[in-house]
């Protein structure tokens, strides 16, 4: 694909391609069905997270610190899904694998930005559970609606600045040997490795981003739950232990389905030297499946949301029963 006639814009010694070519899945028969499967995941994700957003927004009983965090997570899930899947549909399902240089950088920013929001939101929710169980008498003084409303805009501003820095550093690279991205979106690593000048700074920033939004949150969440389990071990009543632990089940499931697939994919790439197709499939599933499962987990495992859904269904069915009885 490096021989494809692609126009280049050159500014002094920096060379930028006008377009990139995203390779996606190559040499796999019927790969179209995989993209259709991802499109089905897209609809389930948007619908499920939109329902969670509406339920939290419309019911004042859910206007609490925990559900402000869940609301932010649903927003991040919708944002990441919209940054990934529609672009993949346009690129691969309709054979439009070229993407302009600026559009590629924009795609890179939004995917990594919303992914970073997911990671940090799970960390904030872990902090919420830690304070609720380890410092229950001080919970409402430390974690309240005001603090959450202040924390999340700060997270959005900080994450957008860090990810914008990472993306802006791509512009210092000369992409002059190839314009083929060995991924399914404008991934940071595959893009900076196309450079023919020094990209050690980009590699270092990529490592910092991975440490900041993958390794550090996972370690802190692990330590917070270590503190939670130590606090639970001091409770003499098994009933009280189980009651406290049940409040953590949904969050633990969310942490597991977000971090473990991504960590497994990274380790597999390092240890097994995955093929390009195996990397595309494993990474894409690691990105798109958790946002689909998050609202399902919260609806099935959160008593408050289940009670509200039952009330909504009962309110809708009662007029129907009244009409039938008449």
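Note that the numbers count up from 1, one per residue, in the order the chain is shown.
Glycine is treated like the rest: Cβ placed from N, Cα and C.
Note that the structure is predicted; figures quoted are calculated from it, not measured.
Taken verbatim from TrEMBL:
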type     : residues : note
TRANSMEM : 33-55    : transmembrane segment
DOMAIN   : 48-298   : domain 'G-protein coupled receptors family 1 profile'
TRANSMEM : 67-85    : transmembrane segment
TRANSMEM : 105-127  : transmembrane segment
TRANSMEM : 148-170  : transmembrane segment
TRANSMEM : 207-232  : transmembrane segment
TRANSMEM : 252-272  : transmembrane segment
TRANSMEM : 292-309  : transmembrane segment
Integer average pLDDT (0 to 100) for the domain 'G-protein coupled receptors family 1 profile' (48-298): 90
Sort out the residues at least 6 away from either end of the transmembrane segment (252-272), same chain, that have Cβ-Cβ distances under 8 Å to it, and list them. 73, 118-119, 122, 125-126, 210, 214, 217-218, 221, 225, 278-279, 282-283, 285-287, 289-290, 293-294, 297, 301
How about the transmembrane segment (67-85) and the transmembrane segment (292-309): at least 3 CB pairs under 8 Å, pairs 6 or more apart in sequence, or not? yes
List, by number or range, the same-chain residues at least 6 past the transmembrane segment (292-309) whose CB is under 8 A from its CB atoms? 41, 44-45, 48-49, 51-52, 55, 59, 61-62, 67, 70, 73-74, 77, 81, 249-250, 253-254, 257
Report, as numbers and ranges, which residues of the same chain sit near the transmembrane segment (105-127): CB under 8 Å and 6 or more residues beyond its ends. 66, 69-70, 72-73, 75-77, 79-80, 83-84, 87, 99, 143, 148, 151-152, 155-156, 159-160, 162-164, 166-167, 170-171, 185-188, 191, 209, 212-214, 217, 220-221, 224-225, 251, 254-255, 258-259, 287, 290-291
